[in-house]
Amino acid sequence: MIPTVSASGLSLRYGRAQALDDVSLRLGQGVTGLLGPNGAGKTTLLRVLATAVPADRGAFAVLGHDPATPAGRQELRRRLGYLPQTPGFHPDFTAFEFVDYVAILKELTDRAARHREVRRVLDEVDLADVRGKRIKKLSGGMRQRVALAAALVGDPGFLVLDEPTVGLDPEQRMRFRELIAQAGEGRTVLLSTHQTEDVAMLCHRVLVMAGGRIRFDGTPAELTARAAGRVWISTERDPAAKAGWRTGTGTFRNVGSPPDGADLLEPTLEDGYLLTLDGAGAEVAA
Amino acid sequence: MRVSRQARAIRQLLLPAARALPWRAPAAGAGLGLLILAVARIVDSDPAPWLAAVLLRCAILADAVGLAFLMDDPARHTTATVPTRRALRTAVRLALITPVTALWWTAALLLVPSQARPPAGALTLEAAAACVLALAAGAAAVRLTDALAPGPSVAAAFLFTAVVAPLLLPDRWALFVAPGDARWEAAHQRWAGVLVGAVLLWGMCLPEPVRRRPGALRVRSPSGTSDPSRTW
C-alpha cells in the first residue's frame, strides 16, 4: 500500500486530558472508519490531520507534504477536503455561491473552470436542482451535502469527514453513504462516526480509538470476529455479560463471556466494537 | 507564482467576502453614532468644545462596538483548512471595512459645527485606536474560542471596558480629556500607545500556527476535548 497519510507518534494534551497519545497510522486509498466513544480523541485526530490544530509531538505527512512548514501545510491544504463536525455556512449564500466561495479560498482562480468544478461537485452530491436556493432555505440533510460539496471541491486527494451523518434521517443517511462511497473511489477518506452500520457498509478498514490511543486497526470483518463466540441469547439478563438488553422478541441479547452451553449468536461489528472498548477500558484502568 | 495565485484569489474573494461580512452590527453602530451627533446638532447648534468631544467619543464608541462583530464568521469551521491564509482573509475584511469607516468618520466630524470641533487629528487617533482595538478583540476571540459569532460577547466586554475605564484609570493615565486640557498631548500619546498595542494584538492573532503557551487562555469546545486556542 502506498500511504496517502502517514503519521507517527502524534500526541496532544489539553490541560490534564491526553487527547492524543502516541498515535501512529498509515492510510491508503478507500474509506477508513474511525470509531470511538465521546472524548476518545477522534475529532482531535481528524483536526490534527486536517491541519486545523497542531500536535504537541509527532509528525505526519499527507501525499508527501509535511505540515510542519508553512509551505508544506499550504500544499497539504490544497489537496485536502475537510468536513468538520459542525459545518457552518453563510445562510444568505446560495448553495452554488457558498461552494464557489470555498473554491476561491482553495485558490481555484480560473473563474470558468471553477464554476464548472462547483457545478460538478454539486451534481455529485445531488444538489444540482437546488444550487440557486439560499442555504437558509435548505433542509439539514441538504446543508450537510453542501458542506460535503465544499469539502470535495478541487478534487482533494485526502478527505476528512467528522461525523457527517449526525442528525440525518435514515433516508438521508443512506444517501450520504452512497456519496461517501463514491468519494472513496480513487482517494483516501477518513470517516469519523458513531454509526457502526456506516462503518460496516462503507469502510475497508476501521480504527477504534479510546483514551487518545488506537485500540484496534483492521478490517470490519476482523473487528466483528473479535466478538465471535461472545454473543448469546438467554431468557434472563445474564449478570456476567458486559452488556445485555431485552430484544423485541422478549429474549436477552448478551455480549461478554458466555456461560457453558449458551445459545450463541452471529456477532455484529457493534459487538466487536463494544468488546474492544471494554478491553481498552480494562487496559486503561490497569 | 504562489503570490500571483493568492493575489488572484484575493481579487475574486472581494465580492463574496463583502457579502459574507456581518454588515448589520457595524452599520447599526455607525448609524447610532451619526444619530447621536445629528440629534445633538439639532438640539444645540453651537455646543461647547468639551461637549463636542464627548459626543464624538460616544459616536466612536458606538461605531467600535459595531466593529466588534466584524470577525464573526458562521462558516469559520468549514473554511478552517483552506490554503488561503488567515492573514490574507483578514486583510480582505479590513480592506472592505476601512473605506466605509473612513467615510463614516468624515461624516461624523462634519456633523460637529466647525467652531466647536476638537482637533480632528487627535480625535481621529482616538477613533482609530478604538476601532482597531475592537477589531483586535474580535480577532482574539475568534482565535481563542470555538465560537462562530463571538461578536456580542466582545461588544459587551468592549462597551463595559470603555465605560469603566474613565472611572478607574488613574489621572496620570487619563485617556478621555477635554480639548484645551493641559493633559491633552500626553493623553494622545497614550492613545497612540493603545493603537500600537491593538495592532500588535491583532497581528498576534494572524500567523499560522499559533502554539499554546503555558498559561494561555484555554477554552473547551462543547463536544470532545478540542481546544480551539490551538488553531492553525
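Just so it is clear, glycine is given a Cβ too, placed from its N, Cα and C backbone atoms.
Annotated transmembrane segment per TrEMBL: B:21-43 (among others), in sequence order. With a cut-off of 8 Å between Cβ atoms, the residues of this chain six or more beyond the transmembrane segment (B:21-43) that come close are 51, 55-56, 58-70, 72, 93, 96-97, 100-101, 104, 107-108, 111-113, 149, 151, 155.
The transmembrane segment feature in TrEMBL is assigned to B:49-70 (among others). Sequence-distant contacts of the transmembrane segment (B:49-70) (same chain, at least 6 residues past either end, Cβ-Cβ under 8 Å): 21-22, 24-30, 32-34, 36-37, 40, 93, 97, 101, 104-105, 108-109, 112-113, 116-118, 123, 126-127, 130-131, 133-135, 137-138, 149, 151-152, 154-155, 158-159, 162, 176, 178-180.
As annotated by TrEMBL, transmembrane segment applies to B:91-111 (among others).
Per TrEMBL, the feature transmembrane segment maps to B:123-142 (among others).
Sequence-distant contacts of the transmembrane segment (B:154-170) (same chain, six or more residues past either end, CB-CB distance under 8 Å): 25, 61, 64-66, 68-69, 130, 133-134, 137-138, 141, 176. According to TrEMBL, the transmembrane segment annotation covers B:154-170 (among others).
Counting same-chain residues at least six beyond the ends of the transmembrane segment (B:190-210), those with a Cβ under 8 angstroms from any Cβ of the stretch are 85-87, 90, 122, 125-126, 128-129, 132-133, 135-137, 139-140, 142-143, 173-175, 229-232. Marked as transmembrane segment by TrEMBL: B:190-210 (among others).
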